[in-house]
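> Marked as active site by Swiss-Prot on the basis of sequence analysis: Lys264, Arg338. Per Swiss-Prot, Mn(2+) 2 binding site is recorded for Lys252, Asp257, Asp275, Glu336. As annotated by Swiss-Prot, Mn(2+) 1 binding site applies to Asp257, Asp334, Glu336, with the evidence given as sequence analysis.
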Amino acid sequence: MNYGLTHTPSLNMSECLVLGVFSDLALPDFATAIDNEQQGLIKKLCQRVPEPGNTVWQTDVEGHSLLIIQCGKKEGFSANSLQKRVGEITEALIKQRFSSATVCLPRLNQESSEWQLEQMIVQIDNLRYQLLDFKTKHAKSHKLESVIFHLPGATEKSLEMAKAIVSGVEFCRDLANMPANICTPTYLGEQAISLSKQFDQISCQVMGPEEIKEMGMGALLAVAQGSDQPPRLIDIHYHGNKNSAPVILVGKGITFDSGGLSIKPANAMDEMKYDMSGAASVLGVIKACALLKLPINLIGIIASAENLISGSAVKSGDIVTTMSGQTVEIINTDAEGRLVLADALTYAERYNPDFVIDIATLTGAIIVALGNIATGYMTRDEQLAKSIERAANESQDKVWRMPLDEAYQDALESPLADMINAGFDRSAGSITAACFLSRFTEKYRWAHLDIAGTAWISGKKRNATGRPVPLLIQLLRHVANSR
């Protein structure tokens, strides 16, 4: 996909000129000039779009097309309005099978041109994204290949930033959408190594079962023991500032989750290929950071395995010793994500991080609580919470803070081990899962993102979303600017 900027939009710049207009303001100068050339055509068309979101097409204007979209009154043109208009425009362009367009939307009142440009590009790229295709007979495909923006105040720098973000999001989505027979723990490791070969500032180490055993990662090994696919611990570094403490992102990389002996229902089990979306987001963020050349140190740690059923699979009631030395009684084999994360979070201690954020499709309970709009997050660190909230607001990648009160820890008590891996009832499932993780994060500042509701769209049109890559990149940009 090609994105560009122009100061002088015209009809012949692309297949379609898209013009957003206000109901209470005159046309901008460039549109007035085009209107005069076309004998008042634009003003006539504007009369046919009285309400926000109304559109009108005019084809064969000097061999090109013109799309007018009503944006309402200037005072009411908000970030939410922008999102709606961009969505309507993108869907219209794709439906009409245009390959190129010049988009001229008004400036927002409260946001910078740089921010607006990033949001438009991220949204257009999300909507034009096409699933990986394994069909043997291909329908003739069509893509929107080029969009040029007219947005006074936007710069080439902001354009390049937006392109880096969508590159990271696309990489995340491609990995998450991959079928589990292809995207195995080994494949994830290979993708991380591939990134290190693409960028000089990235290095990578991928560890297998023997190294994992030597480090005492009993929880990760327990989850993996039911599968023929060997587990992987992926340790990938982006070296952007050798003098600063690293930020660490820990990703859950369960490439397929049957639930183990606590087996999941058959309905929609195919979507459990998305249980490695946390790992995919970590790799997507690292790729974007390398493209942006952010002056930070960033480490991605991914604990990857399959959670399957076999004669050697871990059983309910088994007790394992984690890398931290703490013991866990496995009450539910379908609460496996927190087990692999426990060892990965302990592994993170060696780097003396500034802070750690884990990203995981961890609980169905967070979907019950928040649906697919906001990612649930938990932390005890108020400064980190403020940073996450700020980044979420700026990136439009929504979050909602959930409690992490000490009283919830009681649900994890075990008569036989230091803790159980899941509560005996279904109450506060996302909170008690975070409480479990908190027991492995006492040596650094930490936050947990539960993306089970936001990492993919379920059903017939199932598709990875690429979240929370935009949120995390925005957070890291603030970290970079503070150093």
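Every residue gets a Cβ built from N, Cα and C, even glycine.
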> Out of these binding-site residues, Asp275, Asp334, Glu336, which one has the fewest other C-beta atoms within 10 Å of its own C-beta?
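Fewest other Cβ atoms within 10 Å, among the binding-site residues Asp275, Asp334, Glu336, is found for Asp334.
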> Asp334 (Mn(2+) 1 binding site) to Lys264 (active site): how many Å between their Cα atoms?
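The Cα atom of Asp334 (Mn(2+) 1 binding site) is 8 Å away from the Cα atom of Lys264 (active site).
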> Among the recorded positions Lys252, Lys264, Arg338, point out the residue whose Cβ has the most other Cβ atoms within 10 Å, with all shown protein chains included in the count.
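In terms of Cβ crowding, the pick is Lys252.
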> Name them in sequence order: residues not among Lys252, Asp257, Asp275, Glu336 whose Cβ is within 8 Å of the mean position of the Cβ atoms defining the Mn(2+) 2 site.
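Counting only non-site residues, the set is Val223, Gly253, Ile254, Met272, Met276, Asn307, Gly337, Val340, Ala360, Thr361.
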> Determine which residues of this chain, when Asp257, Asp334, Glu336 are set aside, have a Cβ within 8 Å of the centroid of the Mn(2+) 1 site's Cβ atoms, and list them as they appear in the sequence.
Val223, Ile254, Ser258, Gly259, Gly260, Ser262, Lys264, Asp275, Asn307, Thr333, Ala335, Gly337
> How many Å separate the Cα atoms of Lys252 (Mn(2+) 2 binding site) and Arg338 (active site)?
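About 8 Å separates the two Cα atoms.
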> Where does Asp275 (Mn(2+) 2 binding site) sit by DSSP, helix, strand or coil?
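Note: Asp275 (Mn(2+) 2 binding site) is helical by DSSP.
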> Taking just the CA atoms, what is the gap between Glu336 (Mn(2+) 2 binding site) and Lys264 (active site) in Å?
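Computed Cα spacing between Glu336 (Mn(2+) 2 binding site) and Lys264 (active site) is 12 Å.
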